[in-house]
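Trainee: Below you will find the structure I want to go over with you.
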Amino acid sequence: MFKKTKITILGATGSIGDSTLAVIRETNDFEVFALTAFSNVEKLAELCQEFKPKFAVVPDLSKKQKLQSLVTDVEVLVGESGLEKVSSLAEVDIVMSAIVGIAGLKPTFAAAKAGKKILLANKESLVTAGHLLIDEVVKNNAQLIPVDSEHNAIFQCIDNHDKKCLPEIDKIILTASGGPFRDKQLHELTDVTPEQACNHPNWQMGRKISVDSSTMVNKALEVIEAYWLFSVSADKIGVLIHPQSVIHSMVRYVDGSYIAQLGVPDMKTPIANAMYYPKRGSVNVESLDFTKYQLTFREACFERFGALKIVFNNLQNKNYAANIVFNAANEELVAAFLNKKIKYLEIIEVNKKVTKELNFENPKNIEEVFEIDRKTREYVDSVLG
């Protein structure tokens with residue numbers, strides 16, 4: 001009898017969760033074991049009714065009561081312990097780690113310690129604790145497969161996904177759309193509104209990640225992820241602005257060859273690739289019509305995109321704690337911008353100041369990661385008043 005692959009989706013109501021569930025609807029190979037959500041209980045209830053998971057996880061008791069009033073045939077768990085449980089139970093085959101922010105750290109580590117196949121969309125697990133997470137993955141024989149379109153592209157371009165080929169890599173080149181303001185100079189962005197920043201030209205994404213794309217913080221975080229995922233030094237990572245988002249990333253090998261992964265901008269492709277790996281599954285995505293595109297590229301200037309400069313400097317100095325500061329400060333500053341408490345350009349300006357002023361030792365465990373994160377947020381709050 002055919003046995004379906006059981007999947008836990010952390011962050012089921014977000015954009016990655018949506019695309020993951022879209023893949024599941026189109027195929028008959030997966031069984032939803034657990035769904036989690038932070039605030040959108042109504043949507044979670046609808047998903048529970050459709051996919052009938054064994055578990056659902058919400059952050060607190062009031063949301064548990066609300067969910068239980070809407071659905072009755074699912075076991076509802078609460079908080080971090082619930083997230084860690086559904087990420088590590090023996091029945092689970094795959095964990096989609098798609099919670100936004102540092103809240104995704106503990107359940108991702110729980111999945112790694114349980115030796116799971118982890119589909120990683122949560123950037124912060126690598127950004128804030130890459131050295132610790134990779135150790136857990138290796139120690140427990142877990143699998144870590146990137147879901148971000150750029151890293152999944154690199155994953156597909158590396159020969160047999162085998163780290164033995166890493167000495168043959170001359171450069172990993174991450175492509176970036178450049179966001180909605182790629183053709184504007186900094187002085188033109190003084191009065192950018194949250195609505196404008198969230199209007200991404202190529203991808204449908206959540207508000208926070210849309211702002212991150214517009215500032216290129218998203219790409220800066222992806223540089224950190226690539227550093228850990230592919231065990232390469234910072235000088236072997238490059239960024240190119242590619243407005244069409246057709247080439248999702250590429251690898252230059254030492255013999256001068258380039259291997260790139262192409263496709264229309266649709267998150268179902270990298271998600272399906274990760275879900276089915278090492279095989280490929282058939283999903284309904286638009287074919288790439290090469291006659292409709294002219295592919296263009298330009299340099300990602302560090303002076304224009306200050307987030308890249310901050311992160312490359314941190315990696316070159318092996319200052320991993322500074323990346324935690326950068327990430328935490330960004331989350332606070334983006335939230336302040338979306339709530340119209342600061343101006344758009346202050347997101348990077350204040351982050352640059354905070355990253356320079358706060359100095360911590362590189363964390364030795366996950367508790368120290370959270371401590372650096374907490375102290376950074378408190379400091380940013382004090383700066384913003």
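Quick reminder: no glycine exception, Cβ is built from N, Cα and C everywhere.
Straight out of Swiss-Prot:
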{"type": "BINDING", "residues": "Thr13, Gly14, Ser15, Ile16, Asn40, Asn122, Glu124, Gly206", "note": "NADPH binding site"}
{"type": "BINDING", "residues": "Lys123, Ser149, Glu150, Ser177, His200, Ser213, Asn218, Lys219, Glu222", "note": "1-deoxy-D-xylulose 5-phosphate binding site"}
{"type": "BINDING", "residues": "Asp148, Glu150, Glu222", "note": "Mn(2+) binding site"}
Trainee: Using the residues the record lists for NADPH (Thr13, Gly14, Ser15, Ile16, Asn40, Asn122, Glu124, Gly206), what whole-number Å value is the largest Cα to Cα distance?
Mentor: 21
Trainee: Write down the Cα-Cα distance for Glu124 (NADPH binding site) and Glu222 (1-deoxy-D-xylulose 5-phosphate binding site), rounded and given in Å.
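Mentor: So the alpha carbons of Glu222 (1-deoxy-D-xylulose 5-phosphate binding site) and Glu124 (NADPH binding site) sit roughly 10 Å from each other.
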Trainee: Sequence gap of 6 or more, Cβ distance under 8 Å: name the residues on the same chain that satisfy this around Gly206 (NADPH binding site), in order along the sequence.
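Mentor: Gly14, Ser15, Val100 - these are the non-local Cβ neighbours of Gly206 (NADPH binding site), listed in sequence order.
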Trainee: Within 10 Å of the Cβ of Glu124 (NADPH binding site), how many other Cβ atoms can be counted across all chains shown?
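Mentor: There are 27 of them.
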Trainee: Can you list, in sequence order, the residues of the same chain other than Asp148, Glu150, Glu222 whose CB lies within 8 Å of the CB centroid of the Mn(2+) site?
Mentor: Pro146, Ser149, His151, Asn152, Leu174, Asn218, Lys219, Glu225, Ala226, Ser249
Trainee: Between Asn40 (NADPH binding site) and Lys123 (1-deoxy-D-xylulose 5-phosphate binding site), what is the CA-CA distance rounded to a whole number of Å?
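Mentor: Roughly 21 Å, rounded to the nearest whole number.
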Trainee: Which residues, sitting 6 or more apart from Glu150 (1-deoxy-D-xylulose 5-phosphate binding site) on the same chain, put a CB under 8 Å from its CB?
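Mentor: Looking at Cβ-Cβ distances below 8 Å from Glu150 (1-deoxy-D-xylulose 5-phosphate binding site), excluding near sequence neighbours, one finds Leu174, Thr175, Glu222, Ala226, His248, Ser249.
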Trainee: Can you tell me which of the binding-site residues Thr13, Ile16, Asp148 is spatially closest to Lys123 (1-deoxy-D-xylulose 5-phosphate binding site)? Compare CA atoms only.
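Mentor: Going through Thr13, Ile16, Asp148 one by one, the Cα closest to that of Lys123 (1-deoxy-D-xylulose 5-phosphate binding site) is Asp148.
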Trainee: Tell me the Cβ contacts of Asn218 (1-deoxy-D-xylulose 5-phosphate binding site) under 8 Å, same chain only and six or more apart in sequence, or just say none.
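Mentor: Residues satisfying the criterion: Ala176, Ile209, Asp212.
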